[in-house]
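As recorded in TrEMBL:
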| type | residues | note |
| --- | --- | --- |
| REGION | 1-24 | region 'Disordered' |
| COMPBIAS | 8-24 | compositional bias 'Polar residues' |
| TRANSMEM | 49-67 | transmembrane segment |
| TRANSMEM | 73-92 | transmembrane segment |
| DOMAIN | 73-227 | domain 'Sodium/calcium exchanger membrane region' |
| TRANSMEM | 104-125 | transmembrane segment |
| TRANSMEM | 137-158 | transmembrane segment |
| TRANSMEM | 170-190 | transmembrane segment |
| TRANSMEM | 210-227 | transmembrane segment |
| TRANSMEM | 257-281 | transmembrane segment |
| DOMAIN | 262-402 | domain 'Sodium/calcium exchanger membrane region' |
| TRANSMEM | 301-320 | transmembrane segment |
| TRANSMEM | 327-353 | transmembrane segment |
| TRANSMEM | 359-380 | transmembrane segment |
| TRANSMEM | 387-406 | transmembrane segment |
Amino acid sequence: MPNEYQPLLTNENQMNNSNATDNPNLYQTHHPKNLLNFKTSFKNAYKSSSLNILLIFIPFGIFSAILGMNETTIFLCNFISIIPLAKLLGYATEELSLRTSETIGGLLNATFGNAVELIIGVMALKEGLIDVVKASIIGSLLSNLLLVLGLCFFLGGLNHKYQTFNTISSNTSASLLVMTIFMIVLPIAFNDEEKNISDKDDREIKFSRYTSIIMLIVYGLYLVFQLKTHSRYFKSTNNNSIFVHTNSMEYESLTTLSYSFAITLLIIITILISICAEYLVDSIDGISQNWNLSPTFVGLILLPIVGNLAENITAVTVALKNKMDLAIGVAIGSSMQIALMVIPFLVIVGWIINIDLTLVFSLFETVIVFVSVLIVNQLINDGKSNWLEGIMLISAYCIIAIAYYLL
C-alpha cells in the first residue's frame with residue numbers, strides 16, 4: 001500500500017510496500033504460528049530506519065523548552081526530533097494500511113501522509129503566525145516540486161541517460177496542481193478587484209473558506225478516481241510492486257508490526273510530533289532574531305525540511321535505483337496533497353478556531369508557485385527525465401531561496 005509520496009492506489013492485485021522502511025531485510029516470511037509480539041514489533045520499528053538514532057533528541061527538545069533554555073537550543077532539538085518521528089509515522093501508517101482494504105489503506109495514507117505539515121500548521125495558527133503558516137505551505141510545495149524532483153532527475157540521470165515513468169499518474173497529479181494556480185491566483189485577483197469595498201477583508205475570508213471547501217471536495221473525488229474508478233491506470237511501469245495474494249498467510253508475510261503495536265505507535269508518534277511542533281513554533285520568533293532570519297524564510301525553507309526530509313531521502317534513493325514512478329510520487333504526489341488537502345484544511349481549521357487564514361498570498365509567492373507548476377508540468381509531459389532537467393529545477397529552487405533570504 002502506498003504512502004503519501006507514492007500513488008495512493010495500485011491495481012487490485014498489487015500493493016507497493018517498498019517505502020514503508022529503508023531496511024528491506026525486515027520483510028521476511030513469518031510462519032503463521034509465529035505471530036508478531038510486542039518485543040518483535042518494537043525491534044522491527046527501531047530497525048526500520050537509520051534515522052531513528054535521532055530520536056534521542058526528543059527528551060532534549062522537550063526538557064529544553066520546559067527549562068526555558070535559549071530559543072536556538074529549543075528550535076534545533078525539536079527540529080531534529082521531528083525528522084525521525086515523521087519517518088516512523090509513515091512506517092506505522094503503512095503497516096496499518098497493509099492490514100486493511102485498499103480503500104481504507106488509501107484513506108489512512110491520505111490522512112497521515114501530511115500529518116507533520118498539518119500539525120505544524122495548526123500549531124502556528126494557534127500562535128497567530130499566519131505569515132509562517134503561509135510560508136511553510138508554499139515552502140513545502142516548492143521543496144517537493146523543485147528541490148526533491150530536481151535531485152531525483154539529477155542524481156538518477158547521472159547513472160541513466162534517460163529515465164522513464166508513468167505519464168498517466170504523474171500527469172493526473174500535475175493537472176490537479178494546476179488547480180493550485182487557480183486557487184492561489186484567483187484570490188489575489190479577487191482582492192485587487194474588491195480593493196475599494198469597505199468589507200473587503202470579510203469578503204476575502206468568506207471567499208477563501210468557500211473555495212477551501214470546494215478544494216477538499218475535489219481532493220476527495222481524486223481519491224475516488226485513484227482508489228476506485230481508474231486505479232488500473234496508476235500501475236507502475238518500473239516493476240516496483242510486490243504481488244500480494246489475498247491469502248492471509250501471504251498477506252501476513254509483508255507486515256512487520258502487530259496490529260495493536262502499529263496503532264499504539266501511531267498514537268504515540270502523533271502526540272510527540274504535536275508536542276515537539278508546539279515548542280518548535282514557539283521558538284520561531286527567537287530563532288529569527290538570533291540568526292537574523294525573517295520568519296517567512298524560516299517557514300519557507302527550514303520548516304519544510306522537518307516534515308519532508310525522510311521522504312526526500314527515499315525519493316532520491318529510489319531514483320538512483322531507476323524506480324522513477326516512486327520518485328515522481330514523492331515530489332508531485334505530495335505537492336498535490338499539500339495543495340488540495342493541507343492548504344484548504346488549514347483554512348477550515350482557522351475558521352473553527354477564529355483565526356482568519358485566507359488564500360490571498362503575496363504577489364511574489366503567487367508568481368513563484370505559478371511558474372514552478374508550469375515548469376514541472378512541461379518537464380514531465382514526455383514521461384522521461386535526465387540530469388539537465390534536474391539542474392534546472394534545483395537552480396530555480398536556489399534562486400527562490402536566495403530571494404527570500406534577502407527579503
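From the backbone N, Cα and C atoms, a Cβ is placed for every residue, glycine too.
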Tertiary contacts of the transmembrane segment (137-158), as residues 6+ beyond its ends and Cβ separation under 8 Å: 117, 121, 177, 180, 299-301, 303-305, 307-308, 311-312, 315-316, 319-320, 322, 324, 327-328, 330-332, 334-335, 338-339, 342-343, 346, 361, 365, 368-369, 372-373, 375-376, 379, 385-397, 400
Candidate ranges 49-67, 73-92, 301-320, 359-380, 387-406 - greatest C-beta contact count to the transmembrane segment (257-281) (under 8 angstroms): 73-92
Range from 73-92, 170-190, 359-380 with the greatest count of C-beta pairs under 8 A to the transmembrane segment (327-353): 170-190
Per-state residue totals over the domain 'Sodium/calcium exchanger membrane region' (262-402) - DSSP helix, strand, coil: 117 helix, 2 strand, 22 coil
